[in-house]
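Heads up: the structure comes next, in structure tokens.
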Amino acid sequence: MFLFDWFWNVLSFLGLYNKNAKILFLGLDNAGKTTLLGVLKDGRLSSYLPTFHPTSEELAMGNIRFKAFDLGGHESARRLWKDYYPSVDAIVYLIDSSAQDRFVESKKELDSLLSSDELANVPFLILGNKVDIGNTSEEKFRASLGLTQTTGKGKTTLNGVRPIEVFMCSVVKRYGYAEGFRWLANYL
């Protein structure tokens, strides 16, 4: 729990306190979206059934308040994603980095999101999840998704460039995603 509290205190320190944000958790089915949301909500790991209906959680941690939407990742759920684009502040796109056979499908969906006019100025945090069970390097992961040029992991402001960055993580082992959310906090 100490790491969890520390993470949110850092976000507050970075200036994301007393702000409200709407964040979409997107990605193919079985990428870990619901598991990540559960860990962020109450710090516990649980087993989840596939998400067949959109769910949302109001999370208030430290001085940060955001509404997170988990929209599901199976093919029929993906058709509903666009209904949630208006007024979104950030996208967290999770990919199962151990399922290399699904990288093409993940890239197709990510490319569709990145080409949406409604999301043109929305920061994207790409999480390569499940690094604890796969052997995909960040370089191979980036290359598979065509993301060799991204914003950079520091606080970088580039005029006219949408913030987008890749972080490798394991939600189950609880590492990597905190750095990603710290990066995302710079752009909310």
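Note that Cβ sites are derived from N, Cα and C of the backbone, with glycine treated the same way.
Positions annotated as region 'Mediates recruitment to ER membranes' by Swiss-Prot: 10-14.
Swiss-Prot lists ASP29, ASP70 with the feature Mg(2+) binding site. Around the Cβ of ASP70 (Mg(2+) binding site), 24 further Cβ atoms fall within 10 Å across all displayed protein chains.
Residues or ranges marked as GTP binding site in Swiss-Prot (evidence: similarity to another entry): ASN30, GLY32, LYS33, THR34, THR35, ASN129, LYS130, ASP132, VAL171. The secondary structure of LYS33 (GTP binding site), as reduced to three states from DSSP, is helical.
If you look up Swiss-Prot, you'll see ASN30, ALA31, GLY32, LYS33, THR34, THR35, ASN129, LYS130, ASP132, VAL171 marked as GDP binding site, on the strength of similarity to another entry. Long-range neighbours of VAL171 (GTP binding site) (same chain, six or more residues apart, CB within less than 8 Å of its CB): GLY32, THR35, LEU36, VAL39, LEU45, ASN129, LYS130, TYR177.
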Rounded inter-Cα distance in Å - ASP70 (Mg(2+) binding site), ASP132 (GDP binding site): 23
For GLY32 (GDP binding site), the number of other Cβ atoms found within 10 Å of its own Cβ: 25
ASN30 (GTP binding site) and ASP132 (GDP binding site), distance between Cα atoms, whole Å: 15
